[in-house]
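I have a structure I would like to understand better, so I am pasting it below and will then ask my questions one at a time.
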Amino acid sequence: MSRQVVRSSKFRHVFGQPAKADQCYEDVRVSQTTWDSGFCAVNPKFVALICEASGGGAFLVLPLGKTGRVDKNAPTVCGHTAPVLDIAWCPHNDNVIASGSEDCTVMVWEIPDGGLVLPLREPVVTLEGHTKRVGIVAWHPTAQNVLLSAGCDNVIMVWDVGTGAAVLTLGPEVHPDTIYSVDWSRDGGLICTSCRDKRVRIIEPRKCTVVAEKDRPHEGTRPVRAVFVSEGKILTTGFSRMSERQVALWGTKHLEEPLSLQELDTSSGVLLPFFDPDTNIVYLCGKGDSSIRYFEITSEAPFLHYLSMFSSKESQRGMGYMPKRGLEVNKCEIARFYKLHERRCEPIAMTVPRKSDLFQEDLYPPTAGPDPALTAEEWLGGRDAGPLLISLKDGYVPPKSRELRVNRGLDTGRRRAAPEASGTPSSDAVSRLEEEMRKLQATVQELQKRLDRLEETVQAK
């Protein structure tokens, strides 16, 4: 009798653990807008989520440790005039976040350490160029201040946030229909896109050339998502002709046939893939699902190995994914998701069971740090570079906020004041606060005089 051989993997027993109630973010009004993005973005300092707003678009930004019930009057980022569709934290500055909206603009915001105390209406810079709603924003992984946006005008624009200028444009001749997803390669030299015309494309954005493309990676008519994974491969999620959800792995040099194709179920939600390059694990989260599936990618056939599935009772309206430097390494946490319910945001930790409390070097190889490897000018000049790596052995402490400087020719002073590295406010911010205090004091004095006159009138009668 033959014996079944079980593949050996240190990630076979990874399990998901939802946070306790007091570690969740309660009473948040998650956006009801229909759009296939995660609606949530997190980093080691903040959690941001797109929320319902009357008369425009807004998203909520909370310090990571500020859990519990969120006040209904909590300040939001509310500068857009139409619903926000996508948000993304800058990988090189944990205080900077970009947002794309139905108002056809991209806005870049600077969040002070400690979070917002007043509504934030003025962005650091507004990026205008799209003619229809902007549904995707994605920062370059290694070049400073390089931001990509994709709109329903079938245009991809690459911006230098430091100047507020569009430096590259991929027009409708590249994507003749709605763009479903865009993902940067690890060194930022390529992007892969999925489009409503049922094609997945690999593009060199600086040359505006399509390096490779695959027609109908999935036979179904519903949206396809595509991301770069290990060794330059691409992973796609989509639907079969019979509306079964699928996940497929492709070699970028040979897109004729998939390296692996697996059918999952018959649910209708689009699967959002999240890839961890340190562990080669990809997590699939479906909007409207109540589960997270995860697979390990290897360099040998069959390449894509199912590991397990985390399930819960309530379905998810969106999902955020924490960068590796924001995890608790002393608990063997290899991933953390932020699941959006209708009125709640729930952290879910993915953990490898280990008995030792010591640092597990095999689980935590050097990972991408917060410093950029290139300037925007170097990348535009043709250079590529992988991320600058850091060790998590001694833990990670987020640095103080760094001011985002925008130079727009004569408009060099247009930027929000932020705390400097020393933690003290800038002189401009102090001057503005002092002026506001003087105005408030004058108003109080005037009101007091009116009250005194009113009392005298009443007493005279």
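Placement of Cβ uses the backbone N, Cα and C atoms for every residue, glycine included.
Pulled from Swiss-Prot, these are the listed features:
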COILED    425-461  coiled coil
COMPBIAS  403-418  compositional bias 'Basic and acidic residues'
MOD_RES   Ser2  phosphoserine
MOD_RES   Ser2  N-acetylserine
MOD_RES   Thr412  phosphothreonine
MOD_RES   Ser422  phosphoserine
MOD_RES   Lys449  N6-acetyllysine
REGION    403-432  region 'Disordered'
REPEAT    13-63  repeat 'WD 1'
REPEAT    73-110  repeat 'WD 2'
REPEAT    123-160  repeat 'WD 3'
REPEAT    164-204  repeat 'WD 4'
REPEAT    207-251  repeat 'WD 5'
REPEAT    258-296  repeat 'WD 6'
REPEAT    302-349  repeat 'WD 7'
Among 13-63, 73-110, 123-160, 302-349, which stretch has the highest count of C-beta pairs below 8 Å with the repeat 'WD 5' (207-251)?
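It is 302-349, which has the most Cβ pairs under 8 Å.
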Sequence-remote contacts (6 or more beyond its ends) of the repeat 'WD 2' (73-110), Cβ cut-off under 8 Å?
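Cβ under 8 Å, 6 or more out: 31, 33, 35, 37-46, 48, 50-51, 53, 56-62, 116-128, 130-139, 141, 144, 147, 149, 151, 159, 161, 323, 368, 370-372, 398-399, 401-404, 415-416, 418.
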By DSSP, how many residues in the repeat 'WD 7' (302-349) are helix, how many strand, and how many coil?
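Going by DSSP assignments, the repeat 'WD 7' (302-349) contains 6 helix, 26 strand, 16 coil.
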Based on DSSP, tally up the residues of the repeat 'WD 3' (123-160) by helix, strand and coil.
0 helix, 22 strand, 16 coil
